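The structure appears right after this line, and notes come after that.
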Amino acid sequence: FVSHQVEILDWETKKQLCFLDKVEPNATIREIRLMFHKLYPRWYPARQSIKLNPKGKSLRDEEILQHLPVGTTATLYFKDLGPQIGWTTVFLIEYTGPLFIYFLFYFRMTFVYGLDERFTSSPHPVVNLACICHSFHYIKRLIETVFVHRFSRGTMPLRKIVKNCLYYWGFAAWLAYYINHPLYTPPSYGKKQINFAVIMFLLCEAGNFSIHVALSDLRRNGSKTRKIPYPTKNPFTWLFFFVSCPNYTYEVGTWISFTIMTQCVPVGLFTLLCFIQMTIWAKDKHCTYLREFKDYPSHRMPIIPFLL
């Protein structure tokens with residue numbers, strides 16, 4: 001075989017950072033990252049973005065040098081992604097916060113509402129039920145993070161965790177403040193509305209969990225290669241017949257049911273923001289599927305069957 005030479009330039013200044021000689025043609029981008037790391041120890045592999053052109057997308061670890069549109073002398077571009085943090089750690093931090101923040105309001109700590117002992121608990125059963133459902137949701141997410149999720153990318157920029165925590169923790173405090181407030185009033189249609197919402201909530205949580213397990217099974221052997229997800233024998237996964245990201249569909253359904261259960265305006269606003277954000281993620285993932293798989297089911301929509 002003919003060995004390759006790899007020149008790595010700074011993506012911004014175009015200054016040469018290193019020149020790798022006698023690189024095997026079947027070398028992967030991951031192996032090139034490791035070679036670069038030996039020369040620049042401060043830039044560990046997860047911190048590196050290696051591209052074919054300065055404004056292009058980062059190359060994936062598993063891509064092979066000889067399969068790229070380069071000659072025997074390849075020019076690649078490096079971008080520093082900044083300090084990184086593992087996705088498992090990210091999710092554990094993001095989801096543990098809302099779990100405990102909610103309890104501060106549920107137990108009506110005196111520094112929150114400034115109440116005396118006569119108002120330390122709510123007379124409305126739906127308030128207790130909302131706390132159980134909210135806690136269940138985030139405990140499920142923590143369990144999935146540890147035992148179910150398999151991440152295609154191992155890390156995310158450390159700076160982003162502040163923004164993510166402000167979003168999850170801030171909204172948890174905002175929802176909890178109003179749901180547990182002494183002036184909170186229960187839903188208009190009473191038990192019928194609450195019971196309907198609880199059933200919908202549990203079904204959506206079961207569906208969300210089922211989709212995460214199905215997606216995890218696609219990478220059971222540790223592969224990071226993207227595959228087309230298909231329905232399994234589990235009825236909750238049959239939503240794959242109609243949408244590319246049913247995990248987001250079920251997630252939005254969970255928050256819609258929580259909105260119906262509590263009949264609280266801040267919960268409704270949070271649900272709307274969740275829907276907007278997850279629609280963006282779903283459309284992006286849907287486009288990736290269409291781009292990478294020529295045989296991808298054409299009738300699927302990103303998040304809402306037949307509509308969106």
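Every residue number used here counts from 1 along the chain in the order it is shown.
Glycine too: its Cβ is placed from the backbone N, Cα and C atoms.
Please treat TrEMBL annotations as automatic predictions, because they have not gone through curation.
As given in TrEMBL:
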- 5-80: domain 'TECR-like N-terminal' (DOMAIN)
- 85-107: transmembrane segment (TRANSMEM)
- 155-308: domain '3-oxo-5-alpha-steroid 4-dehydrogenase C-terminal' (DOMAIN)
- 166-184: transmembrane segment (TRANSMEM)
- 196-215: transmembrane segment (TRANSMEM)
- 235-250: transmembrane segment (TRANSMEM)
- 256-276: transmembrane segment (TRANSMEM)
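Of the two recorded stretches, the transmembrane segment (196-215) does not lie close to the transmembrane segment (85-107), with fewer than three CB pairs under 8 Å once pairs fewer than 6 apart in sequence are set aside.
On the 0 to 100 pLDDT scale, the domain '3-oxo-5-alpha-steroid 4-dehydrogenase C-terminal' (155-308) averages 94 in the predicted structure.
Across the domain 'TECR-like N-terminal' (5-80), the DSSP tally of helix, strand and coil residues reads 17 helix, 29 strand, 30 coil.
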